[in-house]
Every structure is written in structure tokens, then in C-alpha cells.
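As recorded in TrEMBL:
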TRANSMEM  A:34-55  transmembrane segment
DOMAIN    A:49-145  domain 'Ferric oxidoreductase'
TRANSMEM  A:62-83  transmembrane segment
TRANSMEM  A:103-121  transmembrane segment
TRANSMEM  A:133-154  transmembrane segment
TRANSMEM  A:160-181  transmembrane segment
REGION    A:188-209  region 'Disordered'
COMPBIAS  A:199-209  compositional bias 'Basic and acidic residues'
Amino acid sequence: MSVVRVVGVVAVLGAAVLVGLALAGRHLAGAPVLLVVSTVAACLAVAALAVQPWLTRRRVGVHVRVGGIITVLVVLHVVALLVEDPDDALYSMSPDGPTRARMALIATLLLGVVTLLGVLRRRLRWSPATWRFVHGSLAALVVVLGVGHALLIQGALDGWGTPVLLTLGGLGAVGAVVRLVRVLRAPPPPGDATPPDGGRVRSGDGLRG
Amino acid sequence: MPVPAPRTRPHPVAVTAVLLLVAIIAAALWRSEESGTGARDVGGEAVPVTAAAPVPVTGATCAPTITNPGGRNNYRANAPLDVPLGRGLVITGVVRDTACRPLPGVAVQVWLQTALGSERENRTTVLTGPDGRYRVSSDPAVAQFGEPNVHVAHDVDDGWRAVFLRNVVDSEDTLATVDLTLVPSS
């Protein structure tokens, strides 16, 4: 079984455990539907973040689709909180919010940038190395800050949720770093060569991760 | 003769920008307060006998309490008087003026999330006693937006300026102590 499949299985199991813990726990018992939706969306997003960096090598199409799903899940998570409890949600997103909320805010903004970089890759006309470095670095920050935010939150994922979050976050962070190092160290494939221009502009840039 | 494909490196500007961004994020997190700006951990364990309010020293001054960020979150005016909020956590404190004299008969509103309900439903108003102390018995606080917190406010226009506080506790805490020092509203 390939590494990607192993990571995928772990991510699916992790998502199932997180969602199960959240739904079975005391914290969401009798909670408003929007809070439940927000929590489940966050659990699924964490699991998807774990597998996402591992899809960049040979499964770029899946990587793009999973990236879109993560963005939708995070938007759902935030919007549900905003509708359910605007006072606390806006406070959390303000400069006075607690550290865990600041991590989430930065991760969300970076996720938006990472998604935009993916959408605008061809138009940006950056060299592959530059694009991959920026996209991969920011994605690694999204994983670290997003999962760190989940770890600091008290509530639905306390207890057994912590090691599961650590496992999923570790997989995502290691995957992002490994991929980043591999991309930076490897010479570009034939036809993907960029003149030694300092990595500014290249032509014919394909959608490779 | 084939020319070996040149290696490319990320543009130095991109590398610098990412490193700068990482430094800015680290600084932003380092400068943030764990529970939010101005939020104190006011929790602890209840003692069997409630301590009497300290006798003010002549000429002493107490720093006025200032509304902290998030203090008004989920505030609703006109909370009913002496609503039972459960057992397990006592929220108490002394209300004083800036000369450190206790203020009797002053309204204090308390609201928090417990197993009984969210911050929006779970609230009561109590009056301070002759020694300026108020006391609310509640079910233990439950995490609200990632951390259990307790709101205490003086919100009635009775000659003393309104003040709204959001402080944090642990879910196992049995006591939360929040003193207020009020300033005249005129």
C-alpha cells in the first residue's frame, strides 16, 4: 500500500473518530444545530488537511478538489459560528481575541491566499520553484496554525481528541515539509526547465503540485 | 549534446517574504493574550467560610474597574433578579467605590454558559449586601468559544458608571472571584 493510501486511511479514520467524539460528547449535547455543523465541518477539515500535502505528487486533480473542499468546510465552520454567536465570533476575530482564535484567523486568511495561489497559478507566471515554495510554505502554516487552534480549544475534542488531532496535524505538517524539501531539491523535469533567471517568470507552466 | 536542465530556486524575494511572514505571525501570537486581551483567570476553589470584605483604610484608593474586550458579549439588559443558576460554582466579589468603600444595594449581573444553557439564556441579577459583596450560585462553567468564561457587569444606571467584564475559569473551578470598583456616572 502506498504512503498516500496509508495517510488517506488514517485521515478517514481520524475524521470518523473526531466526528464521533464530538457528537457523542457532553459538550454538544443539546447544542444548537449550527454549532454541531460548525464542529463537524472543522473535524472534517482537519482530516482533509492531513492528507492534502501527500496528494501533490501524482494526484494533483484530487489535491485541487480536496483543497476546494477544505476551503468550503472552513467557510462553513466560520459562518456557522458567526450566525450562531456573532458577539463571541466577532470578538474572537478581533485583535483582542485569545491566542487560539488569532491562530484560527491567521490560518483562515492564509488558506484563502493558498487557494488563490492555486487558482491563479497560470496567471501569476511565477517559476515553478517560486510558486511551489510559496504555496507549500503557506499551506504548512495553515496546517500548523489550524490544528494548533483545534488543540487549544477546550470542549468537544478534549481527551481522546487530542492525540487524534496531533496525529492528523503531524501527518499534514510532515507531508507539507517533505514535499517542500523534495520539490526544492529536485531538478525540474524535462520540459519544465526554467532559465536561471532567479525564478521570476517562466512560460508553459502546468498544473503540477 | 543535451544541456542538463538547470536547477531552479525560489525567487529570493519570495523566500524573504515568507520568512518575514513567519516572523510576523510568530510576533502576533507571542503578543496575544491566551484568553483574550484583559481577561483574567478568576477561578479557584471555594473556601468553606466566605471571607468578609476587608475594611477600607482611610485615604486608600482603589483603581476603577475598566470594561475589558468581550465584556459585553451576549449581554442582555434587565436580567431577572435572583434566578437560580444551579450549584457547583460560586461567583462572588466585592463592589467598591474608588475610595475602597463597599457599596451596598448595587445591582450586579452575571451570565455564563453552563450545562443548563448558553450565555444568552443563563443570567441573573443580584444585589450587593451591606458589606458590598454579591454572590451567585451556578452550575459549573462550560467552555464557550473554546474556554469557560464568566461575565460580570454593573449595568444599572444608579449613579455608578456601567462596567462589563469577561474573565475565564476552568470547568473544574468551584469559585470565581470578580471584584468591581465603580466610579460615579456624573
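Any Cβ shown, glycine's included, is placed from N, Cα and C.
Same-chain residues lying 6 or more positions outside the transmembrane segment (A:160-181) and placing a CB less than 8 Å from one of its CB atoms are 7, 10-11, 14, 17-18, 21-22, 46-47, 49-54, 56-57, 132-133, 136-137, 139-140, 143-144, 146-148, 150-151, 209. Helix first, then strand, then coil: DSSP counts for the domain 'Ferric oxidoreductase' (A:49-145) stand at 83 helix, 0 strand, 14 coil. With a threshold of 8 Å between CB atoms, the same-chain residues lying at least 6 positions outside the transmembrane segment (A:34-55) that come near it are 3-4, 7-8, 10-12, 14-15, 18-19, 22-23, 28, 62-63, 66-67, 69-70, 73-74, 76-78, 80-81, 83-84, 136, 139-140, 142-143, 146-147, 150, 156-157, 165, 167-169, 171-172, 175-176, 178-179, 209. Same-chain residues lying 6+ beyond the ends of the transmembrane segment (A:103-121) with a Cβ under 8 Å from its Cβ atoms: 64, 67-68, 70-71, 74, 78, 92-93, 97, 131, 134-135, 138-139, 141-142, 145-146, 148-149, 152, 205, 207. Cβ atoms under 8 Å from those of the transmembrane segment (A:62-83) belong to residues 34-35, 37-39, 41-42, 44-45, 48-49, 51-52, 55-56, 89-90, 108, 111-112, 114-115, 118, 146, 207, 209 of the same chain, restricted to positions at least 6 beyond its ends.
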